[in-house]
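Asks: Sharing a structure here in structure tokens format.
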Amino acid sequence: MEVIALILAAGQGTRMRSGLPKVLHRIGGLCLLEHVYRLAAALEVRETVIVYGHGGEQALSALGHLPATWIEQKKRRGTGHAVMQAVDRIGDDSTVLVLYGDVPLLRRETVETLLHHAGESSLGLLTVELDNPTGYGRIIRDASGRVLRIVEEKDATPEERAVREVNTGILAVEGAPLKRWLKALRNDNAQGEYYLTDIVAMAVAEGYFIDATHPTSPDEVLGVNDRRQLAELERIYQVHQARALMERGVTLRDPARFDLRGEIVELGRDVEIDVNVILEGRIALGDEVRIGPNVYLKDTVIGPGVAVLANSVIEGAVIGAGSRVGPFARLRPESVLAEGVHIGNFVEVKQSDIAVGSKVNHLSYIGDASIGRGVNVGAGTITCNYDGVAKHRTIIEDGAFIGSDTQLVAPVRVGRNATIGAGSTITRDTPEDCLTLSRARQLSVEGWKRPEKARKESCAE
């Protein structure tokens, strides 16, 4: 079966009250439209066609890199009119799958079933029963249960509005009859629009069987029209992600307080994740990784046995096995920690590599640096990497000991097994195996008295 996925994404989304097109709002870190595109890609369709409209330049700027055919709907006159814009991309022998850019939770298995029901004499239609069907087109069946037509709510009679089975808008149909029915669409309805749903009655009139498929859960076909619905779908999505991770062996201390806004590309055994953790981008977690509360990770690789303690922020970093990071640590992009490294509280590491067993435990900034094996960096150490024009590197060789409150003014090299005395400002390379310090000699002044404050005269005096 040759399938063309047609994603309708031209709606303005006025109820979002946003300058951003509705389909560019995000769930799970991805635009609504990108969720739908990924579904089409997973189905291995021959071509994906995206019909866009409101905020078209923004949509193309954000997602124009996707390998899809983009077609503009300059005047928005309904779903039937949107499909008409793509008619030149529809082959007679192809199966057209109509999806919506604001329905992001649809499952691949559901759509595969729908496609299976579309054939030479049948039209596949995705419907769902809702306790509150307000706002949806109703599925009208005859006494034997055969689908006859779809009636939009504004055009429905009171009896038809009582029907709980509704149209999701998602359907699959062969190209040749679809093109024929599109030509016959009329806009003589309450909205003055061309309804794609009208093709159902045309199909029935020609003897086609309407094969209605139901999703596993109504959540799959929920759309986004306002911020409240966006938040509701975000929670539904995150519940699914949390359940999937627990099924893969992850311990989540509270699944309701975990957000995955990307994908875990590698997952080891016995991973534990505490509350209020956010994972973004591509994340790799090795065996027995422990992630503490209130941690943010983005595009990060974490080796086995690593502990990331509370309130740490890590982005674009690689952390070697058995390392310990935090609490309140920050690793910025292109930071690479080897095995057994310790990064402690209120330490920031930026674009630096730190070799096996080295420790930066307290209140330090390590930027544009290379730190060797077994190095101890004392509290309050700063690599002064920026001269106002360019960044420069600091190199600390194996076994060095950096005393507290040290400034290393780059470019500078600290030699192997060197010791830097506390409170030093190092501006030149230091030799191996010796003590280097640059602080002024301590002086005690005997008999010195602290100045006294002038005594204020009272009013009585």
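Cβ from N, Cα, C; glycine included.
Straight out of Swiss-Prot:
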ACT_SITE  His362  active site, proton acceptor
BINDING   8-11, Lys22, Gln73, 78-79, 100-102, Gly137, Glu152, Asn167, Asn225, Arg332, Lys350, Tyr365, Asn376  UDP-N-acetyl-alpha-D-glucosamine binding site
BINDING   Asp102, Asn225  Mg(2+) binding site
BINDING   Ala379, Asn385, Tyr386, Ser404, Ala422, Arg439  acetyl-CoA binding site
REGION    1-227  region 'Pyrophosphorylase'
REGION    228-248  region 'Linker'
Asks: Using the alpha carbons only, what distance in Å do you get between Asn376 (UDP-N-acetyl-alpha-D-glucosamine binding site) and Tyr386 (acetyl-CoA binding site) once rounded?
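Replies: Answer for this pair: 23 Å between alpha carbons.
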Asks: Closest of the recorded positions to Tyr386 (acetyl-CoA binding site), Cα to Cα, picking from Leu8, Gly11, Arg332, His362?
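Replies: Answer for the nearest of the recorded positions: Arg332.
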Asks: Would you mind checking how many other C-beta atoms are within 10 angstroms of the C-beta on Asn225 (Mg(2+) binding site)?
Replies: 16
Asks: Relative to the Cβ of Ala379 (acetyl-CoA binding site), which residues of the same chain, six or more apart in sequence, are found under 8 Å away?
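Replies: Asn361, His362, Leu363, Ser364, Ser404, Asp405 - these are the non-local Cβ neighbours of Ala379 (acetyl-CoA binding site), listed in sequence order.
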Asks: Cα-Cα separation of Glu152 (UDP-N-acetyl-alpha-D-glucosamine binding site) and Asn385 (acetyl-CoA binding site), in Å?
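Replies: Cα-Cα, rounded: 65 Å.
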Asks: Are there any residues at least 6 positions away along the chain from Asn385 (acetyl-CoA binding site) with a Cβ closer than 8 Å to its Cβ? List them or say none.
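Replies: Non-local contacts for Asn385 (acetyl-CoA binding site): Gly367, Asp368, Ala369, Lys391, His392, Arg393, Thr394, Ala410.
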Asks: Mean pLDDT, the region 'Linker' (228-248)?
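Replies: When the pLDDT values over the region 'Linker' (228-248) are averaged, the result is 98.
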Asks: So if I exclude everything within five residues of the ends of the region 'Linker' (228-248), which remaining residues of that chain have a CB under 8 angstroms from its CBs? That is, six or more out.
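Replies: Tertiary neighbours of the region 'Linker' (228-248) are 16, 25, 27-28, 104-105, 219, 222, 255-256, 258-260, 264, 267.
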Asks: Taking DSSP three-state, what's Ser404 (acetyl-CoA binding site) in: helix, strand or coil?
Replies: coil
Asks: Between Ala422 (acetyl-CoA binding site) and Gly101 (UDP-N-acetyl-alpha-D-glucosamine binding site), find the distance joining the two CA atoms and give it rounded to the nearest Å.
Replies: 60
Asks: Between the binding-site residues Leu8, Ala422, where is the Cβ count within 10 Å the lowest?
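Replies: Comparing Cβ neighbours within 10 Å for the binding-site residues Leu8, Ala422, Ala422 has the fewest.
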Asks: Looking only at Cβ atoms, how many others are within 10 Å of the one on Gly101 (UDP-N-acetyl-alpha-D-glucosamine binding site)?
Replies: 28
Asks: Rank aside, I only need the closest one: which of the binding-site residues Asp102, Asn225, Arg439 has its C-alpha nearest to that of Arg332 (UDP-N-acetyl-alpha-D-glucosamine binding site)?
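Replies: Result for Arg332 (UDP-N-acetyl-alpha-D-glucosamine binding site): the nearest of the binding-site residues is Arg439.
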Asks: These are the binding-site residues: Asp102, Glu152. Which one scores highest on other Cβ atoms within 10 Å?
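Replies: When each Cβ's neighbours within 10 Å are tallied, Asp102 leads.
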Asks: Going by C-alpha distance, which of the binding-site residues Asp102, Asn225, Arg439 is nearest to Leu8 (UDP-N-acetyl-alpha-D-glucosamine binding site)?
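Replies: Spatially nearest to Leu8 (UDP-N-acetyl-alpha-D-glucosamine binding site) by Cα position is Asp102.
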